[in-house]
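**Student:** So that we are looking at the same thing, I have put the structure below in structure tokens.
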């Protein structure tokens, strides 16, 4: 996967929320008084006299950096703001409130955030009523440092208290003083908050928050906290509700989904190491749910019961994203990755034995401190043997506060870049060979919007196959809509996508397509990313596994 891959660039680019979203049920959590909502909308109660002209509702924009966890949380931030009376800003307009949901995994995430904050400073000076809020992992890490570097910011909040955003914005407006509120522990599951979803046809469902691993390169556990699992009943209730709204595909999110069941928030629920496999099977019993994905598992805890559930559950997609990080056992030890290369390859072998057509993708880090040419050669060897459908490759980024930042042997940039390019070239050749093997085959595609960067030029539409591959196809008829399901035949292959110019073989209209036509958003949504291919905008894998 080249450096232009969505997962490699996700911390460099913010994904703004835009467009209308599905209505959500009333929210009764910690937000500003709903009187603000009524006043903003110009509504007066019975007996209040003649209608009084009110100021228009304040508009907002959420800019998202980083992983699927952040995309999920940003949908909750948008839902909270709309429940408090804010209105989503239209594309191209200047929002009254700009919220940055930040990433702290790589150094260029910091640089990009503070660069964008600097660009907003003139707007803030010209319009003091505009508000800027910074949340997410970088805010949790930097805390008061955000205001030192960007004193025009109005609100700083962390990963554990996103439900406080509307209250903090109102308090900052009233007191004319910046508000900083960083909670040290999870206050409530983000999934319990109102949501303004990014898609009519695909949804994120968080099954846990936090991580109990201690990878030396990763700062996420110190920012998200130790793992806390939602109850299966709550998760399945959310999935059923989404399906009732027309959603066809859900992605189950966790920093380490294999560990689900050992840290339930409800003390009445016993530890259950088989809980994740059971959850997958339970999703298979939900009528109308066509696709289930999950991200991401940890190789050290990947068990055969999960492989069996994947193979035997009708709607679990034949796709697995399992981070490798390095093919060198010596580097894996230095990373505190509690598995070795042969164990990883053994898991892949068992997955392919049970699901021969599974598309397996991974994450790789190049240039970890102390990595020798021999270590890097071991990574290349594992990549050749594993035959990944795609590999999302990152150059090691030194993060203050992580053990790896203190290690000797930090590599020169030129060495890391040269190895990175060699790895990219190898993986792209493997990806191309795998995709060429699909030419002539029929694929089922869940039609998306915005996944193809040149769709308007080529007159193609785009979507994802069941295995996550990106497919650009010629519809040949105007009735195909985002959210519909089609089958088509692959006519051409590239490393990052398939082309299907043979026309649509079958077309099934869906309620999700109806919802999209009725006014759902027209922006890019990764269908259970990480998938295989290059959508316009996508999120990187959730933290570090």
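Every residue, even glycine, has its Cβ placed from backbone N, Cα and C.
Note that the structure is predicted; figures quoted are calculated from it, not measured.
Sequence annotations record features per position, and here Swiss-Prot assigns region 'Disordered' to 1-32. For 58-174, the entry in Swiss-Prot reads domain 'MTTase N-terminal'. Annotation comment: Swiss-Prot describes 67, 103, 137 as [4Fe-4S] cluster 1 binding site, evidence class sequence analysis. According to Swiss-Prot, the feature domain 'Radical SAM core' maps to 197-433, an assignment based on sequence analysis. The [4Fe-4S] cluster 2 binding site annotation in Swiss-Prot covers 211, 215, 218. Residues or ranges marked as domain 'TRAM' in Swiss-Prot (evidence: sequence analysis): 436-504.
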**Student:** Looking only at Cβ atoms, how many others are within 10 Å of the one on residue 137 ([4Fe-4S] cluster 1 binding site)?
**Tutor:** 27
**Student:** Counting other Cβ atoms within 10 Å of each residue's Cβ, which of the binding-site residues 67, 211 comes out lowest?
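**Tutor:** Checked 67, 211; of these binding-site residues, fewest Cβ neighbours within 10 Å: 211.
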**Student:** Comparing the binding-site residues 103, 215, 218, which residue's C-beta has the most other C-beta atoms within 10 angstroms in this structure?
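**Tutor:** That would be 103, with the most Cβ atoms nearby.
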**Student:** Going by DSSP, is residue 67 ([4Fe-4S] cluster 1 binding site) sitting in a helix, a strand, or coil?
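**Tutor:** Its secondary structure by DSSP: strand.
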**Student:** For residue 137 ([4Fe-4S] cluster 1 binding site), name the DSSP secondary structure in the helix/strand/coil scheme.
**Tutor:** helix
**Student:** At the Cα level, what's the spacing in Å between residue 215 ([4Fe-4S] cluster 2 binding site) and residue 137 ([4Fe-4S] cluster 1 binding site), rounded?
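**Tutor:** Answer for this pair: 17 Å between alpha carbons.
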**Student:** What Cα-Cα separation, expressed in whole Å, is found between residue 103 ([4Fe-4S] cluster 1 binding site) and residue 218 ([4Fe-4S] cluster 2 binding site)?
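**Tutor:** Given the Cα positions, residue 103 ([4Fe-4S] cluster 1 binding site) is 12 Å from residue 218 ([4Fe-4S] cluster 2 binding site).
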**Student:** If you measure residue 211 ([4Fe-4S] cluster 2 binding site) to residue 137 ([4Fe-4S] cluster 1 binding site) at Cα, how many Å is it?
**Tutor:** 14
